[in-house]
Amino acid sequence: MEMPTTTLGQELESNSSPLTDSEGLTWTCKICTLINNILSLTCEACCASQLQTLSIANDVTLRRREFRSCSTGSIENAKACTSCKTTKNSADPPSTSSTRHGTKRRTKEARKKKELPPGLNSNEREDKSNPWQCLICKFQNVKSHTICDMCWTMRGSAVTAQPTEEELANIQWDYIVRDCTLNKQIYVDETFPPAPSSLYYFPQDDTGIDVKWRRLRDTVVNDCDKNLPWTVFRNPLPSDILQGCLLKNCWLLSALAVLVERKELIGTVLLTHQLCPQGVYQVRLCKDGHWTTVLIDDFVPCDKWGQLLYCEATRKQLWIPLIEKAAAKIHGCFEALEIGSTLEGLATLTGAPCESVQLQPSEDECDTDLIWARLLSARQAMFLMGASCGGGILNIDADEYKRKGLHPKHSYSLLDVRNAGGHRLLQLRNPWGYYVWTGDWSDDSDKWTAALRYELITDFTADATFWISFADVLKYFDSVDICKVRNGWNEIRLDGILPPLASHQHLSCFRLSVLEPTEVDITLFQDTQRKFERSQRSLLDLCVVLFEVHNNPPKIGALVGHSKRQIRGFVGCNKMLEATEYIIIPLAFNHWHAVRQQDADATYPRCVLAIHSSKKLLANQVSPSSYVLADAIISLTLARGEREEVRKGVTIYYLTKQWVGLVVMVENRHENKWVHVKCDCGESCNVVSTRGSFKTVDSVPPLHRQVIIVLTQLKNSEKLSTVPHVEQRLANSPGLYGRCDPGALHDPKLDHRTNGLHSPREIGSVLS
């Protein structure tokens, strides 16, 4: 491995601060023993306060809310009197002109001071044996102090004064830069080193690629950029984003190209806006629903000629390869960035709610008028949008796409949506900067009238930007990704788990208190598992359901909204909520009977619930009732399932739409008869059952409902089919005679893992 030969001394000396007249005055930190300049109020190495080192007699630095009286003038002030400019020595006795017996009191106090060690008063000596520890910085303070002398946090305060993740990251950045400056070094990130382990899942494998790591500013650039100075940003453009030939991370770079349409958003991702001589940079990303500030160095993988292996630093800008490297770090290596969706990229870069509008006919969305209305609404809200070209269309004709000037399996920025002259038109941009649409409404199309050309085409239209009809978008594009970046909205993020069982003791439920009518976006995230190679990943099916809530413990009321149930990194829903109480229930089933159920909560899959709202609201995790999962599925099936009235008083419900699987639920409205139900789903494929079996037998009591079985798609890459065969009969007693063990009411038997989902529930327990 070759490391760049940078002349560190020359580079860092040019950025060092000039010497001051006080350079000879120093103080020694009592925490780490570093000798600091007297002008530094905190230690350059460990950030400890100078106040903890200087004696009270020699310390001229005021503490918070501290004042001193000038002996010459009469004004209380900080270090020097603002009236006469006299510096006040803190050891001087106070004025006694207005104090009776002042001389005697001063003499006594002076005697006590002489008996104490420097910097320690009598109260501190008494309290030194019983200190209190700051909850924030862990400093040991004397008992009489109510504010931490190190970080100025109130005693006992951990919530109100807890530094944010971003603040802690800034402290870390400052410390590293100072340390590198003092030692005249450049920063090398040991947690993501310039080594094969940062490139591949299996770094020991021979890839045949000769990789050299260089600092970004030492890489070889195109001849046209050689005379430009290096910078972090230079008026970023979508055409700056050029994907490397070795890494299939178009999903991230396409999202970045969409983000550049709003240049102010790039600065919220790359937090270090100026060149850092020490090579320390911060990037803020939202990984699987969690905000994280990623600290990286500026070493990047290059080929043997010094050219970047992955995305290019076009026009000698650092922001693109730095963001790419930060994304690689949070997922484990550069190889982890291969294959993904633009929607995931937008969510990672912005943390905002994201949704995908499917353009191809399906059971969920085939109403073109509704699709057009959604696109118009998103444009009016100024949301970020990207269009996927042909990636989800089966049996595409690549030659036809190329004849039309389109690149299949490529993402375009969607800039505008217009109803103009009775035509539905969309404006797109190819982030590559070339290769544009040549069909109807292209620049040379005869569809243009003078009025429409004047309205829609300007002299300032950027390169690779074109107009296309909505009909052609429906034909050649498969989806539009919408990223709801909003100013002034509120954000709450809560952690939870997705247990492989129905125990309410493990299930994460969240209570939502809405104080005034508000629009809400709710998103449920799971770990996308990019730290594992693709063959080892196993995403869960996700669904998030929202109910009104009553009583305590929370009991679900009317169904308010829900997401689709999908096997993907996140799902979400958008609702207008009135001022009341709600409960949010995350659902996942395809890992039941696959995860060891005796494992502790710590081993169960984690999730993050993100709540974005136009008005402030309250949210917290709560302990649900024992059968909240059964009640939630019953309520959802009643609202969205298909009914089959099999006999008077008996209804079977099937939920399949937007569910990637099947729910079978039976309702017994008889007052004195049981319904014996036999369900056989053995002909289904690529699904798993919450009962651990595809064949079940159950006895449903009078005036009860029961979730018989929940089938869930196992592999997202394979087609699923659900084929339920349900038989039922009325009985005068609960026993399933001849169908299972004597006296049994359910087969397979219900236990602590399935009881909370499959136990019969009284009809009045769920609002229909």
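Using N, Cα and C of the backbone, Cβ positions are placed for all residues, glycine too.
Note: TrEMBL annotation is automatic and uncurated.
The region 'Disordered' annotation in TrEMBL covers 1-20, 85-128, 748-768. Marked as compositional bias 'Polar residues' by TrEMBL: 85-100. The compositional bias 'Basic residues' feature in TrEMBL is assigned to 101-114. The domain 'RanBP2-type' annotation in TrEMBL covers 128-157. According to TrEMBL, the feature domain 'Calpain catalytic' maps to 186-486. According to TrEMBL, the active site annotation covers CYS250, HIS410, ASN430.
Listed in sequence order, HIS407, HIS410, TYR412, VAL436, ALA464, PHE466 are the same-chain residues six or more apart from ASN430 (active site) with CB atoms under 8 A from its CB. Local packing around the Cβ, expressed as the count of other Cβ atoms within 10 angstroms, is greatest for CYS250 among the active-site residues CYS250, HIS410. According to DSSP, the region 'Disordered' (748-768) comprises 7 helix, 2 strand, 12 coil.
Secondary structure at CYS250 (active site), taken from DSSP and collapsed to helix, strand or coil, is helix. Secondary structure at ASN430 (active site), taken from DSSP and collapsed to helix, strand or coil, is coil. Mean per-residue pLDDT, taken over the domain 'Calpain catalytic' (186-486), amounts to 91.
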